Amino acid sequence: MAEKPVRILVTGAAGQIGYAIVPMIAKGIMLGPDQPVILHLLDIEPAAESLNGVKMELIDAAFPLLKGVVATTDVVEACEDVNIAVMIGGFPRKEGMERKDVMSKNVSIYKAQASALEEHAAAGCKVLVVANPANTNALILKEFAPSIPEKNITCLTRLDHNRALGQISERLNAHVSNVKNVIIWGNHSSTQYPDINHATVTTSSGEKPVRELVSDDHWLNTEFITTVQQRGAAIIRARKLSSALSAASAACDHIRDWVLGTPKGTWVSMGVYSDGSYGIQPGLFYSFPVRCEKGQWSIVQGLKIDEFSRAKMDATAKELIEEKSLAYSCLN
């Protein structure tokens, strides 16, 4: 184990997703079985005692890859020399709250954290925003950390991507590892568009298109889409808590593929800064199909988009444009 430890910041580390993700990172699920890590855990002052409990458990688990733990409520200390930042901390929407109230709380959180990351993180730090509204929080972070390249800021739609893979796998009774190249377009919200038009399943007689194997366009164009869009709410109804283990697992998948690369012939969904690809307005964080190589992502180009898809892709872009102007109005 000659590798130099990678410093990974997890904000909101005393929360549910934080508690689920830190053991995954310490076990090598995020960066592989040979990469030592040092965890930087940040949370707010009222969670300080709980955060310390998480640190105690990490020590008690005696993870061979874990070379150190910094647990703090000080954003500057938390950001010092970090190579990867997983931004889970945010202000959740509570009953009776307007979207604008939630947005304005998160704008101020992400503004402060952006400045700390920009000044104190290691050069080339990769940032993944998980806290909702994830796409717009990523945009605020980019605005207030202008020296962090836009290519190094992303938001999580891998959870939705994995949910889509899971639904197809269940429907076809195929192993999920044989299903690939679904796409999540747009916002990590209920307007996202889970697209299977380019997805395939490896069967005993080779790779087959998902649409051909499912052979039920009605299901694919209605129930499949709404199930993926509303899966988070369904889990809250079932658990009385939000999806933490699947979100943590997806965040590990996102970073692992970004750093170590996507398998040949496979793409994944990531919320990235739009360059105008597929007619999406530049300057939004929008989920696209991407391939990753040597620590860099690139949008998969040249996919055929039918009328049904176009309308869904534009609807979710419209929501992101509205969120962007709401966020900017909070700044002013």
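Placed from the backbone N, Cα and C atoms, the Cβ positions cover glycine too.
Sequence annotations record features per position, and here TrEMBL assigns domain 'Lactate/malate dehydrogenase N-terminal' to 6-153.
Here TrEMBL flags Arg93, Arg99, Asn132, Arg163 as substrate binding site. Taking Cβ-Cβ distances under 8 Å and a sequence gap of 6 or more within the same chain, the neighbours of Arg99 (substrate binding site) are Arg93, Leu326.
Residues or ranges marked as domain 'Lactate/malate dehydrogenase C-terminal' by TrEMBL: 157-325.
Counting every protein chain shown, 29 other Cβ atoms lie within 10 Å of the Cβ of His188 (active site, proton acceptor). The active site, proton acceptor annotation in TrEMBL covers His188.
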Next item on the list: Please work out which residue of Arg93, Arg163 has the most C-beta neighbours within 10 angstroms of its C-beta, and give that one of the binding-site residues.
Entry: Arg163
Next item on the list: Please work out the helix, strand and coil residue numbers for the domain 'Lactate/malate dehydrogenase N-terminal' (6-153) from the DSSP assignment.
Entry: 68 helix, 28 strand, 52 coil
Item checked: Maximum Cα-Cα separation (Å), residues Arg93, Arg99, Asn132, Arg163 listed as binding substrate -> 25
Item checked: Pairwise Cα distance for His188 (active site, proton acceptor)/Arg163 (substrate binding site) [Å, integer] -> 12
